[in-house]
Structure formats: C-alpha cells, structure tokens
Amino acid sequence: MTNKITERITGHTELIGLIATPIRHSLSPTMHNEAFAKLGLDYVYLAFEVGDKELKDVVQGFRAMNLRGWNVSMPNKTNIHKYLDKLSPAAELVGAVNTVVNDDGVLTGHITDGTGYMRALKEAGHDIIGKKMTICGAGGAATAICIQAALDGVKEISIFNRKDDFYANAEKTVEKINSKTDCKAQLFDIEDHEQLRKEIAESVIFTNATGVGMKPFEGETLLPSADMLRPELIVSDVVYKPTKTRLLEIAEEQGCQTLNGLGMMLWQGAKAFEIWTHKEMPVDYIKEILF
C-alpha cells in the first residue's frame, strides 16, 4: 500500500469530486484520498471551485465524464437538485443535497449533513434529545441539521436567520418539522437580539450553521453579545477552518462546552464515502490525520 499519488493513479482510477466556493480550505480531499489509499480503493478525490453560474454546466460535464460521484457545499446545496435524476427521501425532505452518486448514469442526490452533525454531538458526549436547541442559519446544512434533530427527538428548535433569500426556505423547514415530527420549530429574525437572548437562555445548545466565521467572514460572529452565553451551554459551529471561530473563542471565555465543525465534516464524509464505495470509511485512521 502506498500514499504516493503517482503510484496510485492508473487508467482505471475513478474520479470523485467536491464542488463549492470558497473551496481551497477544504479538508475533504485529504480525508477521502487517505481513506481510499488505506483501503486500497482505486479512486481519487479532487476539489473544484464552482458557484451558481457554473453549476449546471459542471453537472452536465460530470455526467458526460461518468464521475462516480461528488460532494456539494455552499452555495450549491439547495440548487443542484434541478440537474439530478433522483433524490433520496432525506434529501427530498430537507430540500438540499451534499452528496451525489452516479449509478449507471443515474444521478441521485443525498444529504448527510444532518446525520453527520448528530453523530458528532453523540461522539462528543452531548445528548440533546428531548431538549431545546437554538440555531443560526437557513441554508442546506442548517436545514439538514434542523430536520435530522427533529427526527431524532429534539423537543424544540428555534431558528434564527437574516431576512434574505434563505428566509423563505427556513419558513418551509419550520412547516415541515411541525407537520411531520413531534418537534416544535419556530423562526425568528436574527436582528431580534432580545428574542435571540431568550431562546438561547432556554436551550441546551446554540449552533452556528452559517458561513460566518470562515473566509471571507473570518473573525466575525452572529452573536451580538457574549453575555447571552452561560457556562452550562453547549456552543457548536459547523465551520471547521479555522478550528476555533470567533464564536467558539467567545464561548470558551464564557465557560461553555464547545464543538467545532470537524466532527460533523468527518461523519457526513464517512456516510458519503459509504454511498460511493459501499465500504466503511476507516474513521479512527482518518481521525489521527485530521484531529
């Protein structure tokens, strides 16, 4: 077994990709290529800078080149379904896709963000089942987290977002959760700071599921005041680069338990790996490399 890329790639090697922007910070190529090499699988994983304008053409190109599959990240998660053939039940419910698999020319979209997030919490020893959470965000990752949390048994979810293009998506998420699960979901404007303070005070966990904290918003946070946090609160961030966002720095200063996005990235990636290869990712080995 060798990790030398020149010795691994042959005329039979299949390509798996990642499409997003920004993309150069991603640890997914390292994670998946190390896992492929460890298991002796003839795949290679590459990252491609792709936004809204290029998305349709890129999917058509990937289809024509018969890629085995690819991951999807911001800002493409909620738009790519238009160019696929099928969606998994979870992706249909969430309305977002972060993993595509090509089975004999049929492109199927999956979503693994929600299960990845909940698994990361469990691995870190945090139990939020039957309790209340407050989350910022209304994009693909935030939606997947909210719906999976509701399906898993979280009692109440308070969602905060700016009144932008994603706000309507959050309204749909609230409707789905309230109609299809036993969880109570509510939506608020992120500018309503007093409401945010109230919801955080009633929650066991506060989560940032937006891109605020990573480039080009590194050093920023949606939290208007540090005194909204308390020592017994869990504060999590889906951002993993930097590994300690401004939000997590503030949370640590307030004595909170914190969790960055590395665990979620690992476990959502492990599920995607299984979808493409029908093999389990060597998670313990990958943890040694990434953590």
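Cβ coordinates come from backbone N, Cα and C, glycine included.
Since we're looking at a predicted model, the values are computed, not measured.
Site annotation (Swiss-Prot): shikimate is bound by S26, L27, S28, N98, D113, Y240, and the candidate from S73, S88, S225 recorded at this site is S73. Cross-referencing M65, M214, M281 with the NADP(+) binding residues that Swiss-Prot gives (G137, A138, G139, G140, A141, V238, G261) picks out M214. D164 (NAD(+) binding site) sits 10 Å from A138 (NADP(+) binding site), taking the CA atoms of both as reference points.
For K77 (active site, proton acceptor), the nearest of the binding-site residues A138, G139, G140, R162, K163 in terms of C-alpha separation is G140. Counted over all residue pairs in S26, L27, S28, S73, N98, D113, Y240, the record's binders of shikimate, the longest Cα to Cα distance measures 17 angstrom. In sequence order, I159, N161, F166, Y167, N169, A170, T173 are the residues of the chain that are 6 or more apart from A138 (NADP(+) binding site) and have a CB within less than 8 Å of its CB. Counting Cβ atoms from all protein chains shown, A141 (NADP(+) binding site) has 27 others lying within 10 Å of its own Cβ. You'll find the Cα of S28 (shikimate binding site) roughly 22 Å from the Cα of G137 (NADP(+) binding site).
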